[in-house]
């Protein structure tokens with residue numbers, strides 16, 4: 001196996017970029033230099049910085065079809081790593097005796113029961129849920145009895161999910177990568193001259209910081225990849241608008257209802273572990289890039305969750321109201337054909353290998369560990385290689 005490249009630069013500090021940086025930095029033979037360049041860092045709430053707007057919890061969107069084999073592997077790997085992290089910790093000095101509650105609050109992850117309901121039958125619900133490939137991956141999987149299904153629900157399951165306090169988890173990941181020696185440069189780079197222009201500008205940025213040019217650039221820019229992709233690839237990328245409502249109180253469990261008659265709307269309740277708050281949603285509006293909150297949609301979200309009894313423990317006053325803390329809009333990075341995880345074809349760009357990793361839509365968090373390990377394998381494959389078509393996962 002060839003040695004790892006010496007200098008790697010990652011573009012983007014969403015969950016994909018952060019997890020990739022951590023996976024590379026903690027590998028048995030890590031690169032000697034990892035630099036992360038991003039306009040937005042954890043703590044920023046710009047609508048185009050996708051990761052902070054996620055719900056989020058582990059619930060695989062991958063199907064049982066052969067085309068989703070990699071997505072299934074990524075999701076399963078992430079679930080296993082998260083469960084191990086919560087059970088045994090991350091080795092941070094001084095945390096050896098922390099309680100489960102303390103660990104959840106520090107990391108931003110926590111195991112919670114998740115209930116998934118379907119309003120109509122789908123390939124997932126056939127034969128009592130045999131279409132749910134992940135039933136043997138998660139802990140505590142059970143098919144709900146008819147008595148446990150609410151009005152208008154035809155099928156349901158429960159399992160032990162991992163729920164995420166997204167702002168905290170991003171901060172935690174950012175702290176870890178910096179402790180591992182990853183350099184962070186908070187700046188923009190030129191996108192108007194295509195991918196070659198990005199590579200050239202990254203070299204300028206690194207030189208300005210006294211750093212060497214990269215051997216590999218990892219493009220983890222999400223939707224922003226369309227700013228410098230070729231025309232064909234630009235056509236593959238589309239925003240998937242999401243809108244959520246943050247309310248006071250931490251729900252006891254996650255609950256999701258899908259396929260209830262509206263193609264681009266779902267209903268979900270996801271506790272933000274250790275924060276005393278819960279995210280209520282939501283929608284999946286493909287091609288919609290409107291950053292303004294839709295007040296009517298927020299009302300529908302609140303009404304559904306109240307009327308369907310999805311989070312009664314969060315109702316704050318007579319009449320069944322939630323204490324709304326904020327409403328927000330974010331954009332999932334959708335891509336026709338699924339995630340792009342491959343080396344730029346045709347060889348190096350400006351003398352640099354470019355590895356793309358974007359287009360995760362709503363699966364960025366739950367696929368993060370597995371996908372980052374996939375990027376690591378691609379990098380091992382291109383190390384020391386001459387020009388030619390790139391590796392692809």
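Glycine too: its Cβ is placed from the backbone N, Cα and C atoms.
Just so it is clear, the model here is predicted, and its values are computed rather than measured.
What TrEMBL annotates here:
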- 8-375: domain 'FAD dependent oxidoreductase' (DOMAIN)
- 50, 51, 199, 221: FAD binding site (BINDING)
- 259, 268, 332, 362: D-dopa binding site (BINDING)
Residue 199 (FAD binding site) versus binding-site residues 259, 268, 332 - nearest by Cα: 332
Spatial separation of residue 50 (FAD binding site) from residue 332 (D-dopa binding site) - C-alpha basis, Å: 6
Nearest-integer angstrom distance between the alpha carbons (Cα) of residue 51 (FAD binding site) and residue 268 (D-dopa binding site): 18
Where residue 362 (D-dopa binding site) falls in three-state DSSP terms: helix
Cβ neighbours of residue 362 (D-dopa binding site) where a neighbour is any other Cβ within 10 Å: 20
Mapped DSSP class for residue 50 (FAD binding site), helix or strand or coil: coil
Nearest recorded site to residue 50 (FAD binding site) by CA-CA distance, among binding-site residues 259, 268, 362: 362
Cβ neighbours of residue 51 (FAD binding site) where a neighbour is any other Cβ within 10 Å: 27
Annotated FAD contacts 50, 51, 199, 221, maximal Cα-Cα distance (Å, integer): 24
Spatial neighbours of residue 259 (D-dopa binding site) that are distant in sequence (at least 6 apart) but have CB under 8 A: 118, 119, 120, 122
Mapped DSSP class for residue 199 (FAD binding site), helix or strand or coil: helix
C-beta crowding around residue 332 (D-dopa binding site), within 10 angstroms: 24
Largest separation between Cα atoms (Å) of residues that the record links to D-dopa, namely 259, 268, 332, 362: 20
